[in-house]
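Taking it in order: structure first as structure tokens, then the write-up.
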Amino acid sequence: MADAATGLSAESQRSIGRLGRGSVANFGGAIVSAVANFGVAVLITRALPQTQAGVFFSVSSLFLLAVSVGQLGTPTGLVYFLSRARTLSQPELLRPYIRAARIPAMTAAFLAGAVVVVAAPWIAAWSTPGHVDLGTTFLRVLGVFIPFASLKTLNLSASRGLGTMRPTVLVEQVVRPVLQLVLVALVLAFHATPLLPAAWAVSFVVGAAGGRVLLSRRIEAAGPVVHEPRPVMGEFWRFTWPRAIANVAQTAMQRFDIVLVAALAGAGPAAVYAASTRFLVLGQLGNRAILTAAQPRLAEALARGVRRDVLDIYGLSTAWLMVATWPIYLLFATVGAPLLSVFGSGYAEGAGLLALLSLAMLVATGCGMVDMVINMAGRSSWNLGYVLLAAVTQFGLDVLLIPRLGVLGAAIGWASSIVTQNVFAVTLLGIRRRIHPFGLATGVVAGVAVLSFGVVPLVTRGLLGSGVATTVTGAALGSLAYGALLWRFRHTLHLRSLLVIRRRRPTRSGSATETGEQ
């Protein structure tokens, strides 16, 4: 039954309360992670020649793609099945699901690492022409760390499926990126460039170990197995295998374009492209925080089979995504050149690609966590279809445009794939399942953001002319307007659920308990 004041069912209110608390915890960790990752990029671009920085960015992108291959789609599968088992009171299935994921995924990760190490000279000859020796050295070092990176992700995904965000926040968003930043800074301070990939990757070992310890504690807390578990291997992989292919394609769309720029345009342009796209990570602060917290909540709602709860969680989480990201992307689209100077000289030419990709990200965040909804609904084959369509779109445009337009050609390819994937997915979900993120909350945020960070800066520029002072003034006035309007619509957007980290409710005995997991 829906509450008259909020329009949400009681179960939706509880889920959104837990989602809000998880999102806030994640947001704090996401800030640390994004700043640390951005700092690593700044250190590398300022300490190394542009060509060497381009080689590193290209090789590290290949590393992350190999890690994605080694995971075989298990992160989504683990969250889906573990959340479902908890919701349906089937604790005896928790350990079997984790084993079903771990053995094939780690086997694939070791094979991927071995291939990278052995084939490093041939991979470097294609991906970093003109810098084969340096590329080979970097690849061989990073290949050793692929199994550790895969194990880290597997452990943290299982923890989320078991209902806790703390390991992800602590390990992935705080300890690992901060350690990575410190080690990279030390190596670059001593001009030990050959050690750069090891300094960058050793944090994955720490993350794998920490994630394993925290996961073990969570499994023990679930209690002993009372009933003999049924076989789950077939069930798990029937759901997961389409996601494995889609996950590789998704990672390729985010990372492989850097490799293509290095191969088709040179290591220098690859450095410009990689540095410029790092700003998108800052824009994804709220994105990662809210989506990571929403995943288990959404899986639970789908397991209950209540469409209204799914719509509430999907729609409100999308509105929160837009609250956090639209101002950032609108600013990136208008003031990119001054921002890119933080990477050093020669990087301002990435302003055009930053603007284009920022506009595409407005579309993506406006569609919300559509991939997650489709996967959690058990329709991973849909996800595979439209992700492959987007990948073909991107790489076809990349091969055609990068030799002619350089980094702008790569940006056109990626922006096209972002729009294609999200529009196709949200349309498919709406037609086939009657689930969508659009409503009053998302409409309010869109209008408020465009007014505050689109109209206000343009009017300011028209009155005061162009310049740094005008840009700062427009952004400041827009921020004031944005804050005031969000306060005006705080009940429509349920911002209290997002801002209050802990809320206590009375139990039947009259004592207070915390609601939800963080």
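Quick reminder: no glycine exception, Cβ is built from N, Cα and C everywhere.
The transmembrane segment annotation in TrEMBL covers 24-44 (among others).
The transmembrane segment feature in TrEMBL is assigned to 56-82 (among others).
According to TrEMBL, the transmembrane segment annotation covers 103-125 (among others). A Cβ distance under 8 Å defines the sequence-distant neighbours of the transmembrane segment (103-125), meaning residues of its chain 6+ beyond its ends; these are 59, 62-63, 66-67, 69-72, 74, 131-136, 138-140, 142-147, 149-151, 154, 237.
Here TrEMBL flags 137-154 (among others) as transmembrane segment. Using a Cβ-Cβ cut-off under 8 Å and counting only residues 6 or more beyond its ends in the same chain, the transmembrane segment (137-154) has close neighbours at 55-56, 59-60, 62-64, 66-67, 70-71, 74-75, 78, 101-102, 105-106, 108-110, 112-117, 120, 123-124, 171-172, 176, 194, 196-198, 200-202, 204-205, 207-208, 211-212.
Counting same-chain residues at least six beyond the ends of the transmembrane segment (174-192), those with a Cβ under 8 angstroms from any Cβ of the stretch are 29, 32-33, 36-37, 39-40, 43-44, 47-48, 152, 199-200, 202-204, 206-207, 210. The transmembrane segment annotation in TrEMBL covers 174-192 (among others).
Beyond the transmembrane segment (313-332), the same-chain residues lying 6 or more positions past its ends with a Cβ under 8 Å from any Cβ of the stretch are 12, 15-16, 19, 23, 27, 279-280, 282-287, 289-291, 294, 297-298, 301, 339, 354-355, 358-359, 361-362, 365-369, 373, 435-439, 441-442, 444-446, 449-450, 452-454, 475, 478-479, 482, 486, 493-495, 497-498. Taken from TrEMBL, the feature transmembrane segment applies to 313-332 (among others).
Counting residues 6+ beyond its ends, the transmembrane segment (352-374) has Cβ neighbours under 8 Å at 250, 273, 276-277, 279-280, 283, 287, 290-291, 294-295, 298, 310, 314-315, 317-318, 321-322, 325-326, 329-330, 332-334, 336, 339-340, 380, 382-383, 387, 407-408, 410-412, 414-416, 418-419, 422-423, 425-426, 428-429, 435, 437, 442, 446 in the same chain. The transmembrane segment annotation in TrEMBL covers 352-374 (among others).
Annotated transmembrane segment per TrEMBL: 386-405 (among others), in sequence order.
The transmembrane segment feature in TrEMBL is assigned to 411-431 (among others). Residues of the same chain lying 6 or more positions beyond the ends of the transmembrane segment (411-431) and with a Cβ under 8 Å from any Cβ of it are 253, 257, 273, 352-353, 356-357, 359-361, 363-364, 366-368, 370-371, 373-374, 382-383, 386-387, 389-391, 393-398, 401-402, 405, 437.
Here TrEMBL flags 438-459 (among others) as transmembrane segment. Within its own chain, the transmembrane segment (438-459) has Cβ neighbours under 8 Å at 315-316, 318-319, 322-323, 326-327, 330-331, 334, 366, 368, 471, 474-475, 477-479, 481-482, 485-486, 489, 492-494, counting only residues six or more beyond its boundaries.
As annotated by TrEMBL, transmembrane segment applies to 465-487 (among others). If one looks beyond the transmembrane segment (465-487) by at least 6 residues along the same chain, the residues whose Cβ comes under 8 Å of a Cβ in the stretch are 323, 327, 331, 334-335, 338, 448-449, 451-453, 456-458, 493, 495.
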